[in-house]
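Undergrad: Pasting a structure here, questions to come.
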Amino acid sequence: MKRKWERDLGLQGRMIFTMFLLAAVYLFFLAFLSYNGTPPVVMMLFVGSFMAIQYFYSDKLVLWSTGAHIVSESEAPQLHGIITRLCAIADLPKPQVAIVRTQVPNAFATGRNQNNAVVAVTTGIMDKLSPAELEAVLAHELTHVKNRDMAIMTIASFISTLAFYFVRYSLYFGDMGGGRKKEGGGILLVWLVSLAVWAVSFLLIRALSRYREYAADRGAAIITGQPSNLASALMKISGVMSRVPSEDLRSVEGMNAFFIIPAISGSSIMDLFSTHPSVEKRIAKLEKIQQDLG
Amino acid sequence: MGFRDLVNAVLGKSTLPKAKSDKLFAMSTASITLESNLGLKPSGSAGICFKPIGASAYDSARKEIQELLEYSSKETETEFRLEKDEFNFLWAIFKDPDFEDLVANINLVSETLEEHGLGGQLLCAIYRFDSEPEAGKSGRGKTVYWIYNFKQGTYYPFIPLSGKQRDNPFEFKLRAEMEREMPIEENVEKWYPLWGIPF
């Protein structure tokens, strides 16, 4: 029996389109480099080793930089219990479990594949959320692991990083190669193009990241069967719940008149630069899944 | 992980794996060997655990399960109860000295959920066995749970000890003894522990 709520062609279509655009930009960039006779070996080596470190040590880097520590089953039985069941029902290998001691409510997943994954939560999120909401958040992070988002974002970032280093390389060392056949104008063109490439890929990567957040939300809804739990968890984490009653709508409306760009369209421009979709949009999508559940 | 799974992962498409209940019946013959060769007696209790979802399909399935169980329990004189655990998973728990009736009831629940398109929500079915008490000691021996993982279509043994420890040596012994009799999960990483089984 095929269920309606398990399909989302629109989201997959957008994801394919974004990845296609990324690939197109990447290929164009490579073509441009070879056309200009730039020896890419040195740069590729540098960027390549940087990416390899990021890829193979991502889990350790993230754990180290966030101060997360791995916890055993006896240290965090409740957390392990939830994750064990979610993994059994979604047929995933069980990841390592880590806790970050901070009151900031947050959670993340890291690791280059399903067998090297770590799912971490902060003590703040455990205090703030109910068990059902925590389960939804963990299902969201497990979907990131399942969807190999770490690997996909690393590959997608490759082009961005490559372009970024090239921008710096041209900026600082470009003029020193005066003995070469290329004139200053050519260097400037290369620099402008890689700058444009970097800017475009930066925005595309952020778009891809936002779509993968939606996909992880959808996965969490399907694994837990309760989209509303994730919605309320998102509201609690983002502080929407506590913000709603304290804000005076009239004063906000009045202030809007003094802005050149009203607060509302201002936030939609910011949407382009953010790695996560807005909580309102995520909740709207979860509500749609809830309706499809029937 | 197949190619299709990889494509789904890259596209961020999530589906729950389907339930594989075809090997569930292997326990009915295996229980005889467990008792005669290993001294593991069926304890007369079994259960099936699934994830409730927030949808009307689930509500109607739950109602149907309740009605079917009430009807079948009159026939087989099986005691049953439905209860939620601390993780909000729902259990149907059965008590019956006749092992075949336990198997039949477990099957009834899994079939009903699958008919409603909710097979993906099935977590596991569990049969409880008790070992003979050690020589010179009274009471029951160890509790041995055989867990059927619906996602894999395989069984694995789970013997909880106090302090969230499990009796791995005994579990591995059971695997070695029973490998030819029933489909046992080969990957021990999928021998998920389930603490606090409510029967």
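Cβ coordinates come from backbone N, Cα and C, glycine included.
Take a look at what TrEMBL says about it:
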TRANSMEM  A:16-35  transmembrane segment
TRANSMEM  A:41-57  transmembrane segment
DOMAIN    A:74-289  domain 'Peptidase M48'
BINDING   A:H140, A:H144, A:E213  Zn(2+) binding site
ACT_SITE  A:E141  active site
TRANSMEM  A:150-167  transmembrane segment
TRANSMEM  A:187-208  transmembrane segment
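Neighbours and distances for these, please.
TA: Here the domain 'Peptidase M48' (A:74-289) has a mean pLDDT of 77 out of 100.
Around A:H144 (Zn(2+) binding site), the same-chain residues six or more apart in sequence whose CB sits under 8 Å from its CB are A:A109, A:M150, A:R212, A:A216, listed in sequence order.
The 10 Å shell around the Cβ of A:E141 (active site) contains 25 further Cβ atoms across the protein chains shown.
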Undergrad: Provide, as an integer number of angstrom, the distance between the C-alpha atoms of A:E141 (active site) and A:E213 (Zn(2+) binding site).
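TA: A:E141 (active site) and A:E213 (Zn(2+) binding site) have their Cα atoms 10 Å apart.
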Undergrad: Starting from the Cβ centroid of A:H140, A:H144, A:E213, which together make up the recorded Zn(2+) site, report each further residue of the same chain whose Cβ lies within 8 Å of that point, ordered by sequence.
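TA: Residues close to the Zn(2+) site, other than A:H140, A:H144, A:E213: A:A109, A:E141, A:T143, A:D149, A:R212, A:A215, A:A216, A:D217, A:G219, A:A220.
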Undergrad: Test of understanding: give the count of other CB atoms lying within 10 angstroms of the CB of A:E213 (Zn(2+) binding site).
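TA: Excluding its own Cβ, A:E213 (Zn(2+) binding site) sees 22 Cβ atoms within 10 Å.
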Undergrad: Sequence gap of 6 or more, Cβ distance under 8 Å: name the residues on the same chain that satisfy this around A:H140 (Zn(2+) binding site), in order along the sequence.
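TA: Counting only residues 6 or more apart in sequence, the Cβ neighbours of A:H140 (Zn(2+) binding site) under 8 Å are A:A107, A:A216, A:D217, A:G219, A:A220, A:L230.
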